[in-house]
Amino acid sequence: MAMDQKVGRELFDEVMVPCYSPMQIVPVKGRGARVWDQDDREYVDFAGGIAVSCLGHCHPVMVDALKTQADKLWHLSNVMTNEPALRLAKKLTELTFAEKVFFANSGGEANEAALKLARRYAVDKFGPEKSEIISFKQGFHGRTFFTVTVGGQAAYSDGFGPKPGDVTHMVYNELETLAEHMSDRTCAVMMEPLQGEGGIISPTPEFIQGVRELCDKHNALLIFDEVQTGNGRTGDFFAYEGLGVTPDILSTAKSLGGGFPIGAMLTTTELAKHLKVGTHGSTYGGNPLACAVAEAVIDEISKPEVLEGVKQREQWFRDGLAKINAKYPIFAEVRGKGLLLGAALNEEWQGRARDILVAAGEEGLMVLVAGANVVRFTPSLVIDKADIDEGLARLERAIAKLYQ
Ligand SMILES: *Cc1c(COP(=O)(O)O)cnc(C)c1O
């Protein structure tokens, strides 16, 4: 097939593994918070590539970083280190509780590293009986077999044969049942400090504090999966800062690369030393192109004015959604923090989040869902007010049509 031959959505069904069911449009270009499809139709992007495009599309600092590195060095392998990886790791340790960084290529892989580190640490320090991983129903941690098993949706992990063992799922925000269940056999608790895929569920302050205390009591590690909440998304550089609870291990990805694949596991020196030479690895992890882009991204999003701007934008979204809801009452509440927001549908509109996504698409707006009852917004962290207003106007038109 020649490079210039036209490809379209129908080719997907012919040549792609059908584990996705993409929309009919095929986007070809993005700038800031706008995207254009093959027919040059323009969209306002409130989806941000599922909390990835934190600086919008083709932000100049990312394009510059990528082009500059592209002329220098693309790949080496972990037999050698490289400047972008070292610089990025140094900055991540300066910006967080962490002292050590492991680079991967995705959130799932960062979580895989986190879980393997927790298990290895427990085996080394307390013995093989301390292997229980506790996580939460509706939680999401990736699609590798270990992470999907730790995730709280059996529908994603069933049907692939025997699963990695000793994983227990508890109920998010239920401290008492967790306290009853947890023991000195618990190796680690893995959780999102705000459940994303599960429906935009914030932890209560008592719950998140209590989990930390229970982990300390039982010598269990606390792993925060900040793949979706991290890198400025909630208005703090990482969500744990805003919660006043520090994990032992933190995983991140998504917005870290702003659209270039990269993941990272962050931890302390004390824990990191248990992943000795040869115990874990990744061919592409710490790739110079990925790290150069991520460095540019975190330089930008860790600026106080950008983080403050996220809080301002959250308010614009909340105000705009409240106005729409006053005219067309379909939402029960708007949940979440920063620019990880979920508009939960009320009784009459149960199950119709996807209808809204489709109707919004027809009006030229990209949104996401989080389950059947929540419309999710994860736009660029630097989206302009004008783009928010225009996107909300399109959302209102879409809802008005459905409302009739
Ligand atoms: C998206 C997501 C993942 C998986 O990340 P991938 O890059 O798709 O592997 C893991 N955890 C959370 C909380 C996520 O939102």
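Backbone N, Cα and C define each Cβ position, glycine as well.
Please treat TrEMBL annotations as automatic predictions, because they have not gone through curation.
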Site co-member for pyridoxal 5'-phosphate according to TrEMBL, given Asp225, Glu226, Val227, Gln228, Thr283, out of Phe140, Phe145, Phe146: Phe140
Contacting binding-site residues, sequence order - Phe140, Glu226, Gln228, Ser282 vs ligand 1, Cβ under 6 Å: Phe140, Gln228
Other C-beta atoms that fall within 10 angstroms of the C-beta of Ser282 (N(2)-acetyl-L-ornithine binding site): 18
In three-state DSSP terms, the structure that Asp225 (pyridoxal 5'-phosphate binding site) belongs to: strand
Cβ packing number for Asp225 (pyridoxal 5'-phosphate binding site), 10 Å threshold: 31
Pairwise CA distance, Asp225 (pyridoxal 5'-phosphate binding site) versus Lys254 (N6-(pyridoxal phosphate)lysine), rounded so that it is a whole Å: 11
